[in-house]
C-alpha cells in the first residue's frame, strides 16, 4: 500500500514537472524571450515613473539635493586638491564658500540684468517679429500677418499677465520656497563636500559583495559625467555669450548685455536654449540694424554653435554628453513638464549620468569590465580592480567630495 502511494506521488510529481517544463518552454523561443524582456522593461518604466512621482512631490527637498549633488561633482577636482594641504572640514568650508560666492554673484548679475531690461527685450522682440513677418510677406511667402501678430500679442500679454498674477498671489510662497531650498542646498552641498565618499560607502555596504564592484564603477562614471558636464557647460556658455556680445556691440545692437546674459543661460538648456536665445537676439538686431545686421548675427550664432559642438564640447566634455539629439529633446520635454525651468536645466545632466551608469553595468556584465569603465570615465585616475573588488583610489570610487586622505599638515 505504501509502495503504491509512493508510486502515485512520483507519477504526480513527474506529471507536474512535465507540465512546468512545457509551460517554461513557451518562454524559451525568440518570442518568449522578447516578451519577458518587454515585461521587465514595463516593470522598470513603472518603477521609474513611481519614483519620479515621489521625488516630484518632495521637490522642496529633492531639487536642492540634486543641485547640491551636481555642484559637488563639479567641485570634485578642487576639493581633492585642497585636501592635499588641509583637513576635510577646512577644504569643504573653503570650497563651499567659494562656490556660493561665485554662484550668488553670477545669478544676481544675470537675473538683475535680464529682469531690469525684460520689458525692453519683450518690446524689441515683438517689433522684430512683426518686421520679420512683413519681410517674408514682401518676398511672396504667404503668411497670415494679422493672425500671427495677434498670436504674438496674446503670447506677450499672457506672459506678462501670468508673471504679474504669480507675483501678486504667490509671491510670498515663492520667496519662502526659494529661501528654504537655497538653505537646504547649502547644507546638502557642505555635507557632500565633507563626507560624500563616506556617504557612498555607507550606501554600497548594503549591497551584496558581488554587486559592489559594478555599483562603484557606475557611481564613478555618473559622478564624473555630472562634474565634467557642468564645468564644460559653464565654459561653453561663457564662450558663446562673450563672442555674441562682441558681435552685438560691434553692430550696435541695443540691450546687448541682457541678450548676452540670456545666451549664457540658454546654453544650459542644450539645443532648445541656444535656438531660443539666438532667435531673440536676431529679432532685436532686426529692429535696430535691419535685415543685414540680423542676418550677420544669425551667422555669428550659427558659427559659434558649430565651434561649440565640434571643437569645444569634445575637448571640455569628452564623452560626458554622449546622447543623441532626440534623447536630449525628449529629456528636456519631460523635465520641463515635470519640474518647470529647474526640471529642464537638470534633465540633461541627470540623463547623461544615468546613461553612463547603464553603460558601465552593460559593459561589465558583458565581460568588458575595467576597460569599459576606463573608457566611460575617460581619464579618471581610479581604476576598478575586479579581483580585489576595490579601486586604486580607495574603497569606493564614486566620491562626491574627494578621495585624497586628510593631510597631516593640518589638525583633524
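Placement of Cβ uses the backbone N, Cα and C atoms for every residue, glycine included.
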Looking at 137-160, 281-304, which one is transmembrane segment according to TrEMBL?
281-304
Among 229-250, 317-338, 361-382, find the range that TrEMBL records as transmembrane segment.
229-250
Quick check for me: are there 3+ Cβ pairs below 8 Å between the transmembrane segment (281-304) and the transmembrane segment (89-115), leaving out pairs under 6 residues apart?
no
Any contact between the transmembrane segment (229-250) and the transmembrane segment (63-83)? By contact I mean 3+ C-beta pairs closer than 8 Å, pairs at least 6 apart along the chain.
yes
As a test: from 89-115, 172-194, 257-275, 340-358, pick the stretch that has the greatest number of Cβ pairs under 8 Å with the transmembrane segment (63-83).
172-194
Positions on the same chain near the transmembrane segment (89-115), where near means CB under 8 A and six or more residues out:
71, 75, 78-79, 82-83, 121, 186, 189-190, 193-194, 257-258, 261-262, 264-265, 401-402, 410
